[in-house]
């Protein structure tokens, strides 16, 4: 079939680069340039230069074959990227000296030497690691990725970027940046107001390194930053204040002695008084030790003007700390201290974040895919969750960033904007106020559930929780990367780790009790043996609780999926409990629900398909025809490690934990189940959640009254008597694949909308992907769902005779929120011995090669079947629309019902409606001429105007009492209308046919921005 033929020009369509081939002479020239740069420009010593040259030579062949896979695709830029990556790997993994005096090199030096910025570096580095992973493993060992700490450093950069913006906004709110009234009696040249700003940021950086260890969580770092603000308020001259301490609403907490500064800052920045007091104490200690300043015995007597109307309780005043004659010296001392601290392997100079114009910062976002920062997605993304229960019932969530002319994300409103840092602090407040006060042991009601089982499971559950949480929250996980000389850091890390462990334990018991309570109401009985004795279920619950605690504090060294490795479960296991966990914790903040939503998407889109996923242990039972391919690729999961093995591996002390019984209860561990997916299972299961979402795409109906969690943790081969003889594996895989289909529908809708494709094309793409899920499931093995979607869109475009290139599809995909360049640059393939290209074994290729060599040979029959109903001209399309599909063509699957996009009324007293912002309208808003027609919550509709003014105007209009002569009719805006109008929202004519829309609205070919 011609329509299914591969594109004529493959690789160039995706990357836009040239042929991508460089001869051997060019490779030799690259080596010479790299060696010269190491010696002359960077001045590296012989040892590190030798190691760098070795890695460059061994990876040169990969570089020469990948000349279109990095950056813009130009050979010169790719060479710069590759050289920078080589040097960074050597600096982190090599045996060279760690400091500058030993010939070491920092990341900042590398970036400046190759004219790169930090954003581009982290966006392209994963592609380098994928391609050169085998070389790095051969040179530096199999643990090279862990030692490289790339994800940790990237998350650290994201945190510093957020904290610098947070500090800048707070400083500008509290102090003047320019001194309009310098002191008249000063003989010294007036200290620049910006020097105080620099002092605060440097003090924070030194505090963060010396006291909090190098990779610390966002909440602890924010507490340290607020402590620095407290020091600045006490010491910066009063003339530079932007507030009146007596009248400011920001300092409303007062005592008999004046304003309670610590309590006021805690209320303003959502910190804990106890934690802030400790942070201030650490900051004061640092000032004494490093700046050699002595605190005044009585703070209120040392500086009357700066401490007037302020309660000195808990505060320390240092004489001459920020006076003009000592400020410069204090800055120099902090600079020296910081430089000494960062002169280690591959460190980043974090001082650059205080300078918005630093060329190393670059532009763009680093948060996507690396770490999940709260507040970076709109409500629509939450509504589009494959699990309905994760969505919030509230009508609309405001954007987390306010737009400003400078693009820094700050509002000029007096009301503090909602930022990732403020959201993290608010979420931490929930953990502190709701979870921390709970007991660290099971409640009386929960103990009754435990004892009501066939065998009392109390000891088993408490012992398991102690071991698993001990493995997750070990001091080595958070404190092993310390690069300071402060001896108390280990003790501080141990205290912090124990606090987080207790929070996770309390949350686990709380949600488990809620689940048990709901279960007994359904069953009218307290015997929950089958649920409470399941090892894998409890590990998933503990992992989910720990992940929420880690996500709340935004830890850097224990980012997801670290909890999976620590607990011995897989992504597929965790996906079974997310929906129920959210459903049974009513107080869970919206940001944590969003976090779980994003995790579920990551699990579904790729992680559950990775090698070693327990999904394959069920799939091999549910689909025996796939067993040969699963075994050929070695995809089956390893047995889940025992609790004793986990305790021994992490050196967990079992003191205080219940002893392990000599004989395991017959219902409890999944030991046998993990070793063999065909284990006979005798447990019975209870009803936990509604079964409406538990529909298999293979079965027309699922007669089982059992919900997903009911059979989720059973043996895959156990028959489900309530499901018409269907095996538990079939039930579980059916649920999983139905979620995959829904996620695919959401992604297809978003991308087809951006590409302005017709509804007919959209439904064909969805039908094709659905058929691939059912009939060619192996295409997803070890791959990303977006890779299948991209190829499906191109294949359908070919059979529909649309003038749509792969480059245009990739350009549109780059603008999607879930875009990751490695999705289309590195697709997993396992060449069979009979492959026509002569290659064998595992490999990673670009999306075009995958489309030509793997996708089309596999999917061509489905495309032929789908394309047999394609009309060649407008007349036939009109006939098809009127008469339905041709008899010989399969009936297209109707596009599934997706979350409601209708406007929602947000006020009972006024006719005010809010609707989610669609992708196409978001693009329209980028036009200044069109932007004024829309009002976005939290985003100004006019340049240099704060959102508060917009809202004030709206309120004035609503409260003016002036009657509107006409009514807005929202009745026509329904799910059906929205689903059918995805492709023509920006169309000039409502009467245009779907073929006209598909062929007359080409994608603009611009420089990709992702």
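We count from 1, first residue shown onward.
Including glycine, each Cβ sits where the backbone N, Cα and C put it.
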According to Swiss-Prot, which stretch among 372-402, 868-898, 899-929, 930-960 corresponds to the feature region 'Disordered'? 868-898
Scan 335-357, 657-679 against Swiss-Prot and say which stretch is down as region 'Disordered'. 657-679
Just to be sure I understand, if DSSP states are collapsed into helix, strand and coil, how many residues of the region 'Domain B' (731-861) fall in each? 89 helix, 10 strand, 32 coil
Looking only at the region 'Spacer' (620-730), what is the mean pLDDT? 61
